[in-house]
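Trainee: Pulled from TrEMBL, these are the listed features:
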| type | residues | note |
| --- | --- | --- |
| DOMAIN | 22-258 | domain 'Glutamine amidotransferase type-2' |
| ACT_SITE | C22 | active site, nucleophile |
| BINDING | T328, D390, D409 | Mg(2+) binding site |
Amino acid sequence: MFSLSTTFVKYLFFRFSEQVMCGILGLLLHDSTINCAPEICEGLSLLQHRGQDACGIVTCGPKGRFFQCKANGMVRDIFDESSIRKLIGGMGVGHVRYPTAGSFNNAEAQPFYVNSPYGIVFAHNGNLINTASLLQYMDATAHRHINTSSDSELLLNIFANNLQQTGKFRINEEDIFTAIGGMMKQVKGAYACVAMLAGFGIIAFRDPNGIRPVGMAVRKTETGKDYLFASESVVAVASGFTDWDDVKPGEAIIITRSGVSRRQVVEAAAFAPDIFEYVYFARPDSVLDGISVYRSRMAMGDMLAEEVKRVLSNNGMSVDVVIPVPDTSRVAALNLAQKLNLPYREGFIKNRYVGRTFIMPGQQMRKKNVRRKLNAMALEFSGRNVLLVDGYYKHFLYLCIRLIVICSDSIVRGTTSREIVQMAKDVGAKNVIVASCAPPIRYPNIYGIDMPSRSELVAYGRNEEDVAEAIGADLVIFQTLPDLIESVRQLNPSIKRFDCSVFDGDYVTGGVDEAYFSELEALRADNVRSKVAMMTGDLGPAEGKGGGGVPANASGIDEGVVSSGTVNGDDTVGLHNSWKR
């Protein structure tokens, strides 16, 4: 019997350990005759900030048939009138993601699908950290083929395998809860997931630490109740849903047209939502785990103002104006300016048709895109000491240019920050001071946010003076970690801990050591995509985990029905893809 070599399992482990920040959504309409795809598409557009690389929707129509449309690209580009019209059914799952190393294949766009058992569609936000042992289990014990490098597909197959073990012709809620509980005991990492069982209903669950967010809401109609799962509450508000309720750590929720079932399937571990969601990733008009993202960023600005005042005094410097680096830092920058009685100005104009630079695949591409993305107005910079405020997760960096304070949100790699500082100086700023709403980022995020390796992080192995020199600023000021935590926690004191691992290296799940980082970083280099292609190029269709490949030109059957064809040679494995068909 074929088995995975130790070397290849090790390779796959780190190939699978690619962090992907995503947005997930599930919708069940009480009236099954109404197609849910248009609403899912609208919901995904509200989650577009969580991923601009790929998106997808799978719906469930009559007789439990699935209909799919997914591809690389923005929501507005993938879902036109024709593709949405082909997505039939009153319940469905949607997903958006942004690119990470080696993840440009359409096959890695979600949601994922397996036909056995029962027909399951799956969307996942997060990252697993014990994929090596899980892959070995899939190969040696479960005999399931994992077709992509996404740990989301791996997670789906573990869930499917647990359901398979019931051996039942038809399953019930109890079987699903048992399968999810078993899965949570097998996997380690961060995950917020939405799933759909053919002709049955939609499901959501969250890892025992509650690292990644997901919640549910309800909407009353004339015929009954519609239900929504989403990464952020903004989707519910915009779509007319109410009673937003976060899924609890270790909890699973099953929704059918007959009702809602909730179960704590494993004991909750230390509840530790990722503080990055509040610093940068989530929309300001969302509420996550009872905390308003907008209010938390206001508090960050207030806290940062005190630190800015102290550091400026110690260095004998002054500021003329506060300028945010769009967009995330605006809220914090405004509060900081008010607290320090300084003028707040919009000195950077953003081109909204260029994606976020920190997720650009190559260093040269990122550098080029900074100036395509932002334009500095000399009117606000010339002859001033500027404080640039960075409100991102990338580092909440306040760039102060002697007379101007600039609030920036892009000090992770330093590439963006260097270009921003230089842009300010090119239009006449006397001094640029950068202030960040977050502490220095010195450690990688392993729970689902694509970040550089440690050597690429501008703050790794550097103090504040070194960082300022590296990005060309006259001074750099960072928020302290206690102040950052308090600015968020004060809005929900019941949360005792946040995952702050990128700042302090304390990973809440455990299981992370130097060997993990060393191996991971070897594949996280910017040229990993070409390396991966070379490493996997020799694997034929019958190799891999159990083989069973079929010709790439095998024909599928009609739209919405499981394909009889391709396994390794097509980007739309399992289901007909209505994108551009």
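Cβ atoms are placed via backbone N, Cα and C, with glycine included.
Predicted automatically and left uncurated, TrEMBL annotations should be read as such.
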Trainee: For D390 (Mg(2+) binding site) and the residue listed as 'active site, nucleophile', what Cα-Cα distance in Å is obtained after rounding to a whole number?
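Mentor: Here the two Cα atoms are 22 Å apart.
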Trainee: Comparing the recorded positions C22, T328, D390, which residue's C-beta has the most other C-beta atoms within 10 angstroms in this structure?
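Mentor: That would be D390, with the most Cβ atoms nearby.
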Trainee: How big is the Cα-to-Cα gap, in Å, between T328 (Mg(2+) binding site) and C22 (active site, nucleophile)?
Mentor: 18
Trainee: Considering every residue in the domain 'Glutamine amidotransferase type-2' (22-258), what is the mean pLDDT value?
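Mentor: Averaged over the domain 'Glutamine amidotransferase type-2' (22-258), the predicted model reaches a pLDDT of 94.
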